[in-house]
Amino acid sequence: MASPPFGLPLGFGTFWSSVWTVVTAWPAYQLLKALYNISPLHPLHHVPGPMLAAATYLPEFYHDVYLGGRYTHAIQKMHSTYGPIVRVNPHEVHCNDMDFADEIYASGGRKRDKPMHLINGSSGGNGNTFGTADHDLHRIRRVPVAKFFSVAMISQLENEVHALANKLCDKLLAERTKAGPARQPVDVAAAYSLFTTDAISSYSFGEPFGLLDQPGWTPNFRDATLAMLKPTNLFRFFPFLLPLTNSAVLFVDYLPADMALLIRAMRITIPGHVNKTKADLDAGIRYHRPTVFGSLLESELPEAEKEPARLAFEANAIVGAGTETTSWALSVITFHLLDKPAILARLTEELQAAVPDPTKLPRWATLEALPYLGAVIQEGQRLSYGVSARSSRVATQEDLVYRGEWAKKPVEIAIPRGYAVGMSAAIAHHDEALYPDSHSFVPERWLLGGDGQTTRNRELERGLLNFSKGSRACLGKNLAMCELHLALAAVVLRVMPYMKLYETTVADVAYDHDMFIPVVKEGSKGVRVTIEHGWEKRQLIQYVCICHLPSDGVQHDLLILLFHHLIERPVIEKQRKMATVAGWNPDVDPGNRIIQPTGLPLGVITTASVMAVLTTIFTATRTHVRIVDRVFGWDDGLMVAGYVTYMGSVIVGIWANLIGIGTLDVDLNQWQFEESKKMHTAWLLVYFFPMTLVKASICVTLLRITGGSKRSLALTVWVLLAITMVSFVAAFVGTLLQCQPIEALWRPQLVLEGSAYCAPIEIFVALGYISTVCTIITDAALVLIPALVLWKAQMQFQAKLQVFTMLSVGSCASIITVVRIPYVQRYSNPADQHYYIAVVVLCSLVETGIGCVAASFPSLRRLVLRTWYGQAASSENMDINNNNIQDRNLGLITFGSKQPGPPLDHHGRFRNPTDKGINLATVTQAVKSRDRDGGDDRSGWTRLQDGDDYSSSDKGELLKQDGWGGQGIRAEYSYQVEIEPAPVERDSDGPHRR
């Protein structure tokens, strides 16, 4: 039989052939599948749309993953070109005609499944009602949850929402009493997030999370939810990555406060509620106040559906769906009311007539009957969308037929059963036929009845998709409407007389892209308001304009225009200029220097200190062992250099966190703002060195292990080393050249003054992503290579597993790299950048520290064994093998495979079967004992199933047939990969390895 290429062990070439076959066959298979998708054989071939979208998922991947949630915009353009029905991917159709909505979102006995492609990117699994694909299983799961969110149940628990609405107003009004640095604009989206989170948790679990009781507006669920939703579009295409999110609970103590709050709630608090409720019910304890867990556990669900783990998924979905969609609707409404004083005045007048005491709101049913309040809420829901991502259904028992009109011609398109068809609220809510001037906030469109306009226009409601439709419509619609009416009425009457917008425009509420829920443009600081002491000039002018001039008079428009240009616009422009120049707080004591570390900075400093101690211990041990054994090599030199520079990055990182990194801008003075950013820039430049040197050391170690004759593996390692070096040069040079002079990195006002120039920040962010991707690729490859080395090694499986684990343990650093990815984007957003980049520092230091520890662990193992068994463990008569001490007189023979120095004498000894492969192999013969027949001393020997027969093996010297009854290698002739080079000894014949 011909030998495999590059001197690989027999059978290894076959493996590479299989890999090569898969690599070449996969593109061919995808090409054939794409051709089928656009051929007349495909059931959707007749549906109009772009050919590339019909052939592959690449357009969707490009717009939603690469561009970031922008496929909805692309679909809208498809409709303008191809008509009301378009094919958006090989297995899905999109519709923008609301007349077809009742067919897509059918109810009753007409079954509709959900496509798994969209579930993968939205629900986090199939364990909750929202993420259930199958129609029948969804119906079973939905019934008990729907009862809990019925109108009757909400009426029983409505008082809790009343109390929380008043608590929200009290907290907002308390801003009037603040002064100095504590007096800051309030992001109303964060404020409403606290309210909706406490409302859904109180209603569902019997007690709120208590977010409204905390001193400030953070932490909250909003920023954390947006961060968690960022990879949802990626999960849609790579659902196997979704379990990685479970690892977030391991780092909860080191995450930003808002992210930690969300993770604790989802992974710890809510499952704890489930287990407690189940234990109470099992013990016979019943509560007068119903909870969602109690309702589900006492329902007629099958027992398998009542498992605590599944109920926790259900509760998480309820909390997730009941917080950010409602809070964003309230934020959009608040902006438009403050931006359009005429609408606010009319709504205030209606509410004042119906609510004598704003602190004692009437029942939800009473507020729901107010026509203008209802119109304002409907218009707010239309422009906030609820869920902006497309929502599709799969008809499993019938073909759907669309009949409509396009370009004044009739259109009839059949959609076969088994294929998804859906709609998008972000498209449907801007149907100009239903909603003229659809991007404007016009509550009057929802009212009829002549000049009075007091009757609701029910016809327009059919065009809303914010709660979806049909048998899978949103379960929490009733609770959301209750929250909207109560919270908006309370805020309008109690807070809005003192509230005004702060540096907020319509762009801060306009839909830009979606991450399942709508997201505004990058860089937006949200809907920010200030709460003043009383009626100031702005409110007074608006009040005069609204209440004392005709609503249709020219004077009204002129006064509003005059006020905007002469008073409001110059102030806003000046504030924006100051915000661009200075990110610090001028009210903070300019003499402050060191910041008492708490929260995130404390976590960074503590973790960095721990990693510094660990890397010192492990790297020192490795260096000591290699020097003592006289095998100190290039990989050891690179690791020492990496350790030295790593300690430098730890010191700089700790100092940066002591003077401002990890702290919100509102708590920084100018010196802290600039000096900490300078230290962070220095940290970046220093950190690039240990990151590269440690990875290079690991690559050189793998080159030693794979051996010079394994050309394919050696070439792979060299490629990885090249990738590491190129990413280092790109990141290092890119940071140095980002701004000229570099001082502008921490003094952005220089750019505004014209004395400095900075390249677009997107370039720096792109370099960060490139460096991260290179890290993930090299980490993955450094796991794969040991597996390939051990693929056909003549070793017991347990020994293989031990060696592989030791070589690839450093790959857990990839998890840290994944956690870091969302925060790289923060470099493009100046708002609280100091706070969020502390997470980058934390993850980076942990990542490189793990690399140092993992690469040095084998040396620690050798040192511990030597110390444990005494100096004899390294003497001529003893050796360490698989954590046991074996006497060499029992048959221990060691070979070096192509080691430097004089050739070894193999005469009279077993030939090393891995001379062409493993760098150093140890052949160990077990303690012999006679078998019961006394004729052979092979007791305790087993056969290693290496796949070679005697006729084709090059191990003939080992495969003696007489009396053995078969071929193959007998254990314990096993081969152990030595991660540590064998020690070098000197005698009269010169240096040689033990």
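One is the number of the first residue shown, and numbering goes on along the chain from there.
Glycine residues also receive a Cβ, built from the backbone N, Cα and C atoms like all the rest.
For the ranges 488-508, 803-823, the feature annotated in TrEMBL as transmembrane segment maps to 803-823.
If one looks beyond the transmembrane segment (682-703) by at least 6 residues along the same chain, the residues whose Cβ comes under 8 Å of a Cβ in the stretch are 633-636, 638-639, 641-643, 645-646, 648-649, 652-653, 656, 713-714, 717-718, 720-721, 724-725, 727-728, 731-732, 735-736, 775, 778, 782, 785-786, 810, 841, 844-845, 847-848, 851-852, 855, 979.
Below 8 angstroms of C-beta separation, residues 254-256, 600-601, 603-604, 607-608, 611-612, 614-615, 618-619, 621-622, 639, 642-643, 646, 649-650, 653, 656-657, 661-665, 680, 683, 687, 690-691, 694-695, 697-698, 701, 775, 806, 809-810, 812-813, 816-817, 819-820, 823-824, 826-827 of the same chain, each at least six residues beyond the ends of the transmembrane segment (835-857), sit close to that stretch. Listed in sequence order, the residues of the same chain lying 6 or more apart from C474 (heme binding site) and placing their CB within less than 8 Å of its CB are A321, G386, F467, S468, A480.
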